[in-house]
């Protein structure tokens, strides 16, 4: 049985169809990335999975007992709400101090427990959100553009953390991302979404498909071709090669 | 002891302050200040209706406040900005209430007592109602505390952790209606929202956790009611407004102290 099965899912928001005929299956331990233009329904699909929007039609089945960790796109905590990091991590369920410390270490931000949440940098806060998702001991980790607002190094570091989390917990990861070069590097499977699933498969296959080119334009393809040219090693990714250093990412971003 | 009207007034004030403090924190955190106002203003309509139907005023106010809060929850996010909607609702409810009161010929009611409260006239029955209501609200919020906090942070985040944000919203709406009904006698419809917001706002600069803020807000609320009651006795001023003025002074001092702490 799949960890998560979605069949023929339709979602309408305010009378407008946002998702139609979505079919998607996620297996334990794989990293799947959703790409697609703005308004293509990526966030809505994640929100349907956590149960925040009700599907108009279709099937969405989690394997029984599957724990979900969710890292939202952004979270604005009102400045009037005093909240330490450790208090935030203990919501809504309390965890032992040791577990909280471990989650902070796993997310790459050890020792931040006593800080006020509102005093954190964007990158630190994203990692706190990750730590909170990890405390749920997720079988499926959902990340909605979790690197929004992070610089190139921060983004690369964040995804490296995701990989190591996947290795340690063996959880599946479903993420929405605009960082196309990261998609190439970090995913087992890419799903290209534009209200419906345009194409899905290994990153190589998706980039080569006409549907993808049509959505993202030829420029994107060039950038990725350049990336492939520059980094032949990425073909060995499946056997667990170390990820190229973060500096490469910023180099990539300025490539034409 | 309860035969002394000042003792009854003090106990009534303390009861309301204790219930209003944790609820007021949520009102501040969720930016629902005007929501509290709208619910409170609807109370005057509740007063008029219960006089018209000769039911208990407490019950009338509770029902109308609850209806108002539910209506606002339902209408939010349907074309109008929340503050516009609340502005319309709050003042319409107050206006309709005042109009309805004027139809009550034959019944002489002291309108001022409902607008500004009449804490010195709290009887033993009122005290029992206030105590029960306050315990109910504190119990409800204490029971749902973690879920309420999670839903306050983010609806989707709550949903993903198995907390239904709509249910938690309902808990707050319900508590708000009870606090309005209970506080009507103490500060009156025009100043109930002040009793919710000011202690919570005054507590903010000194707290690192939500729990600390709720406790400190309760302490500030209690200090305001007893201090205001005492001041009103000495100065011979209306009690409800004096209590709120006292709270406002505490708020001013707290924000000055907060600034000073930051600048050091």
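Using N, Cα and C of the backbone, Cβ positions are placed for all residues, glycine too.
As annotated by TrEMBL, transmembrane segment applies to B:6-29 (among others).
Residues or ranges marked as transmembrane segment by TrEMBL: B:41-68 (among others). Packing against the transmembrane segment (B:41-68) from elsewhere in the chain are residues 89-91, 93-94, 96-98, 100-101, 103-104, 107, 109, 114-115, 129, 173-174, 176-178, 180-181, 184, 189-190, 192: each is 6 or more residues past its ends and has a CB under 8 Å from a CB in it.
Annotation source TrEMBL lists transmembrane segment at B:88-107 (among others).
Annotation source TrEMBL lists transmembrane segment at B:127-145 (among others).
According to TrEMBL, the feature transmembrane segment maps to B:174-202 (among others). Panel annotation: around the transmembrane segment (B:174-202), residues 12-13, 15-17, 19-21, 23-25, 27-28, 33, 35-37, 39-44, 46-47, 57-58, 61-62, 65-66, 68-69, 94, 113-119, 121-122, 126, 129-130, 133-134, 136-137, 140-141, 213, 217-218, 220-221, 224-225, 240-241, 243-244, 247-248, 250-251, 253-255 of the same chain, lying at least six beyond its termini, place a Cβ under 8 Å from a Cβ of the stretch.
The transmembrane segment annotation in TrEMBL covers B:214-235 (among others).
Taken from TrEMBL, the feature transmembrane segment covers B:241-260 (among others). Within its own chain, the transmembrane segment (B:241-260) has Cβ neighbours under 8 Å at 13, 116, 119, 186-187, 191, 194-195, 198-199, 201-206, 220-221, 223-225, 227-229, 231-232, 235, counting only residues six or more beyond its boundaries.
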Maximum Cβ pairs under 8 Å to the transmembrane segment (B:214-235) - stretch from the list B:6-29, B:88-107, B:127-145: B:6-29
Contact set, same chain, for the transmembrane segment (B:88-107): CB under 8 Å, 6 or more residues outside the stretch: 34, 37-38, 41-49, 51-52, 64, 68, 71-72, 75, 80, 189
